[in-house]
Structure formats: C-alpha cells, structure tokens
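See below for the structure under consideration.
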Amino acid sequence: MSEPNTPLHAQPNEQLDLNNLNDLDEKDIDDLNLDPNSDVEISADSGDVVNSNIDNVIWQRNCNKKRRYHTPEFNDVYNETNNTINDVTMLDDVDDFQPRINVSSPFSSATKLSELLPNDHNGTSHPRRLSMSQQSKFISYVDDQLLQIQRKFVQSRGLNIKNGYASLTPLLQDLKTLVDFVWYSIAHVPNSDYLLQSEEKRHCPDSRNPKDTCGYSSYFGQGSYLIKIADDLIDYVEKFTFKNMEDSEINDTLSKLFKLFFILDRIFVILTDDNDNCKEVPKTSSASKNIAGLNGTDIVRLKGIAERTRVRLPIFLESQGIHGYHYELSKIYEGFLDHANSF
C-alpha cells in the first residue's frame, strides 16, 4: 500500500471555491483503508457500513445499560423488540422521579406527629435562655455524645464490630436523637419530627412575628453542632454498604436518611430566617444584641457542606446499585441553599 500524498492547502489569502472540488478517486479511497486484511471493504458508499457499525455499538451499550437499570420483566419486553429501538426504552423510568418515601411521616414509626406540635410555651413567656453554667453542661454533653458516636462508628469498621454500628440505621437514630436535643435547646420542642410536616400543619418558631422573635433568644451558637452533624453525616453514610440488604430494609434506611436531611434543612432555614427577619429591628435596639441564627461564616461553611452532600450522595447510591430517589435527592438542603443564595 502506497503512502497517500499530503493534500494541498489553500494559501492564507486564497478564497476557496466550494463549488469546484474534486472527488476522491478509487486509488485515494484504497489508501484510506488502514487495515488491508480487514473484511470491510471501503468504497464510495462506505458511509452506510460505518454508520451501521456505529449503530450496532450504540445499541449494544444502551442494551447493557438498560439491563442494569430495569427489572427482568422490562428486559424481557426489551429483548422482544428484536433490536428495534423503541422510544420508550430510551427514556428513564418515570417512577424514578416520583417520591419514594412519605416525607410527612415521622422519623420513627412509633412517634405521633400530633403530640409533637409546639404548645407556644403555654402562651405565657418566651423560651428561657440557658445560664452560663447550663451552657457549659450542654456543650460538654453534646461533645461527649458526638465522641461516643464517632467511637462506635470507628469500632464498626473492624476494631470491635460487636460494640459498633451493625448498619447505618442505628447510627442515624443516634444522630437524630442528638439533633432533637440540640433543637430543644433552641426551640424548646422535644422532637424535631414536626418539622417534616407542611407549613400549614405546624406551628414553629419561624412562623411567629419577627418582632416577637427578635426580642429574645435561646440561641448561643448551637448551630455549630448541627453543622458538624451535617458535615459528618455524608462521611458516615459512604462507609456503609447496601448491597447485601433486602429491598424493604434499604427503603427503610434511606427513608430515615432522607428525613434526617430534611429536618436539618428545615432547621437551617429557620436559623437563617431568624437572622434575616431580625434585620427589621433597629441597630440601636437592645433586642438586636440577642438576634438568634447562623452568622455569615456559618452560612458560607454550610453552603459548601450542602453542595458537597448533593453531589456525593447520588454517586454513592449509584455505586451501591440503588437507582431512583431522584425526587428526594433533589430536595436535600434545597430550602437552605435557596435562602443562602438569596442574600
């Protein structure tokens, strides 16, 4: 096979005449065949052969992809098409974008949401701020609980499996209990499950008059603990596996996981709203000294955590062979990010 000549190129200032172009002769076409021993014969009509090969490769890749994402019943219907591309098979399952969990249900099935609604502190006084001694005890207790959770998590990685977390569910329950404790110190509500309800069905601190909320504050920086929990949560989740679990167990675990994300999101929205609502209070007012909520540094730090979680969690679920839950994934920290980006 002779080496083809280098084609002539137009000069820098030369205008090409696109209507006067020479076609390739048979010798040039033969020179294009880099594998003369191949059974594929390149000719002037070789475009049909190339397109056919490309279509076969694309079809095979799509076929393998669909077998991974769909049920056996779907694959049977898919194979009966005799390699005829159907518009339905080229689309994602509609069910993957529908809610998989009942967001309004409590984190624990034994909890009754009707018993968790705030009682407006009996309609008398605002939540009492903790004294310095109480704040010190609070900090010591939360630090100890975070350390206990971290220690049990490390033990479950192989050091002492019996004393560690056997699965992700008990870890989520411990984190949820700690979130409830921290939230109680802020809102004086014993269980944060009521935040899963719609705005119309709950009465929480952020629904009060901003002028009323700015006059007092039981917040002394507890948000930093909630931010740490949110930061550690995705790191904990990625160390567990779902591959040997039943479908019902997977759904139950993911239900608790998403609800914990939604509760944290709602709390962060409330703490962010408190800062925003209190802007109405004059700076000379004594109430402005007791504004409750996340500061600018907390918000910037939390934005990075929220965006990182929204990226890493779908990747982790896909690595575990779990598909769907697109609706729940799209709602993770959605409320907080909307508020934070509006500043």
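Every residue gets a Cβ built from N, Cα and C, even glycine.
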Annotated phosphothreonine residue, as Swiss-Prot has it, among THR84, THR213, THR284: THR84
Number of other Cβ atoms within 10 Å of the Cβ of SER342 (phosphoserine) across all protein chains: 8
Reduced DSSP assignment, SER342 (phosphoserine): coil
